[in-house]
Amino acid sequence: MLARAGEVGRAGPAIRWLGGIGAVIPLLALVLVLVVLVIEAMGAIRLNGLHFFTATEWNPGNTYGETVVTDGVAHPVGAYYGALPLIVGTLATSAIALIIAVPVSVGAALVIVERLPKRLAEAVGIVLELLAGIPSVVVGLWGAMTFGPFIAHHIAPVIAHNAPDVPVLNYLRGDPGNGEGMLVSGLVLAVMVVPIIATTTHDLFRQVPVLPREGAIALGMSNWECVRRVTLPWVSSGIVGAVVLGLGRALGETMAVAMVSGAVLGAMPANIYATMTTIAATIVSQLDSAMTDSTNFAVKTLAEVGLVLMVITLLTNVAARGMVRRVSRTALPVGRGI
């Protein structure tokens with residue numbers, strides 16, 4: 001036993017060294033990706049300027065014609081790019097997905113943990129994990145062939161015809177479309193995000209200690225009061241983390257959105273049913289044509305778009321970590337306030 005303890009003691013520095021390397025590698029990878037994107041996008045950043053974030057036009061110019069040099073950057077004649085519709089489409093579809101997915105996921109996790117028999121709860125939990133692993137292209141195909149047309153023919157017309165004509169809500173009015181657009185994209189993203197949030201939240205609820213819950217019930221609380229006063233405060237910061245995981249999936253999803261969004265560039269969506277596109281879907285759909293640009297300016301612009309998406313994701317995660325800390329400080333410790 002002493003010999004083994006000595007061996008472990010001698011291996012301690014090596015384990016710490018390997019652990020330090022493992023901790024640094026993700027940070028180095030993130031910095032490397034950022035540096036590569038910035039270097040690749042530098043010409044586009046310099047030429048596109050701030051109007052890149054306010055303009056709506058997406059025009060690669062005459063990629064087979066003459067080229068011009070502006071501010072030291074070569075580009076095709078007529079090339080002009082604006083990313084505002086892409087940013088709006090990305091944020092709007094992610095917001096729609098979370099508005100639907102968060103209550104559904106948390107509610108489903110609560111029902112599984114609180115109401116279902118143990119064996120059935122385990123079976124449903126396994127199904128949720130399997131749903132989280134479905135390839136996005138399969139979900140996108142289902143959305144394009146079945147879900148999108150169903151929404152366009154049966155759900156969207158009801159919403160469009162009954163939505164009040166008042167600011168903000170009038171965005172729900174208009175032509176329901178043919179099964180492609182912002183609403184369908186957001187709903188498809190919600191289908192993909194629900195298993196992620198629900199699985200994580202389900203695991204969190206299962207980790208809540210039994211004694212505080214039993215104490216709350218012994219004091220006369222109903223099951224709902226126990227959930228509200230004990231279970232949710234215990235896992236509140238974890239739920240925020242689960243939502244961030246889902247948001248990251250929604251922001252970066254590519255194939256499913258490309259198949260149901262309509263992939264329309266250069267136009268702001270007029271209503272929630274309008275065809276549009278997102279940053280990730282644009283990078284995929286435009287990469288082939290960008291490679292035909294002999295000046296490489298189109299590729300540089302796509303790199304700038306990718307950099308914008310990465311910055312949005314990083315800012316979202318930083319904000320979420322702040323929310324987790326705030327929720328952790330303000331949430332009642334289990335047992336207080338019961």
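Just so you know, the numbers here start at 1 and follow the chain as drawn.
Including glycine, each Cβ sits where the backbone N, Cα and C put it.
Per Swiss-Prot, the feature domain 'ABC transmembrane type-1' maps to 87-320.
Swiss-Prot lists 19-39 (among others) with the feature transmembrane segment. Sequence-remote contacts of a segment are chain residues at least 6 beyond its ends whose Cβ falls under 8 Å from one of its Cβ atoms, and for the transmembrane segment (19-39) they are 45, 303, 306-307, 310.
For 93-113 (among others), the entry in Swiss-Prot reads transmembrane segment, with the evidence type sequence analysis.
Residues or ranges marked as transmembrane segment in Swiss-Prot: 123-143 (among others).
Look at Swiss-Prot and you will find 144-164 (among others) tagged as transmembrane segment, backed by sequence analysis.
Residues or ranges marked as transmembrane segment in Swiss-Prot: 181-201 (among others).
Residues or ranges marked as transmembrane segment by Swiss-Prot on the basis of sequence analysis: 232-252 (among others).
Listed as Cβ neighbours of the transmembrane segment (254-274) (distance under 8 Å, sequence separation of 6 or more from its ends, same chain) are residues 56-59, 82, 84-86, 88-89, 92-93, 96, 136-137, 139-141, 143-144, 147-148, 152, 156, 160, 171-177, 179-185, 188-189, 192, 280-286. The transmembrane segment annotation in Swiss-Prot covers 254-274 (among others).
The transmembrane segment annotation in Swiss-Prot covers 295-315 (among others).
Beyond the ends of the transmembrane segment (181-201), by six or more residues, the same chain brings 89, 92-98, 100-102, 104-106, 108-109, 125, 128-129, 131-132, 134, 136, 139-140, 143, 147-148, 151-152, 156, 235, 238-239, 241-243, 245-247, 249-250, 253, 256-257, 260-262, 269, 272-276, 278 to within a C-beta distance below 8 angstroms of the stretch. Among residues of the same chain six or more beyond the transmembrane segment (232-252), those with a C-beta under 8 A of the stretch's C-beta atoms are 90, 93-94, 97-98, 101-102, 105-106, 189, 192-194, 196-197, 200-201, 204-205, 207-209, 212, 280, 309, 312-313, 316-317, 320, 323-325, 327-328, 331-334.
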